[in-house]
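If you check Swiss-Prot, you get these features:
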type: BINDING; residues: 33-40, 60-64, 79-82, 146-149, 177-179; note: GTP binding site
type: BINDING; residues: S40, T62; note: Mg(2+) binding site
type: DOMAIN; residues: 25-197; note: domain 'EngB-type G'
Amino acid sequence: MAKQITSICSFIFGASDKKSLPDESAPEIAFAGRSNVGKSSLINLLINSKKAARVSSKPGCTRQINFYSMYNDKFRIVDLPGYGYSCASKEEAVQYLNLIEYYLIHRRNLKRVFVLIDSKVGLKEIDKDFVYWLICNNINFNIVLTKIDKVNQESLNAILENTQKWVNNEHVSIHQISIRVKHKITKVRDEFFKFTR
């Protein structure tokens, strides 16, 4: 299946404003998180590709919502601009934030948001603000702890427990992922494809 996945993923385009958002004809799964948390890398891992998702050379410099078509547009992957750090001006950063909020609230074909948290630092206030905003707006999401190979098991357990306690929602799955741990990737991939049906 992995070989098939790579060949049927294609970049559609990047939307930099509300008017350029594509139609809502296909289910969409979005990926969100702080800048440099590894969104594009996770997307590439899930679809078994090294370069399907575009990676910015500078963290915080992705200024558009990137859409990727899967299986001839049977569903789409959506890579949201990172929050928390930006090489844009304050005015531009506000525009991107407004675009993200508009997309998440009004997108009727959005099935799930995967929120990525860097295991090296755990939940930061900006992550909590974003997750709380999702909860307040009744937007379904899962959490993925990234870069777990960069922390020891004790620290990872503490971060996982803290995240579970803070989210306090049995319907929110919390996953752990590392490019070095294959079975972790498989679990997240299975969860990911569950929402494409």
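The backbone N, Cα and C atoms fix where each Cβ goes, glycine too.
For the pair G33 (GTP binding site) and S40 (Mg(2+) binding site), the Cα-Cα distance reads 11 Å.
Geometry remark: Q64 (GTP binding site) versus S40 (Mg(2+) binding site), CA distance 13 Å. Considering only the binding-site residues N36, S40, Q64, the Cβ with the fewest other Cβ atoms within 10 Å is that of N36. In this structure the alpha carbons, written CA, of I177 (GTP binding site) and S40 (Mg(2+) binding site) are 14 Å apart. You'll find the Cα of S40 (Mg(2+) binding site) roughly 10 Å from the Cα of P81 (GTP binding site). Secondary structure at S40 (Mg(2+) binding site), taken from DSSP and collapsed to helix, strand or coil, is helix.
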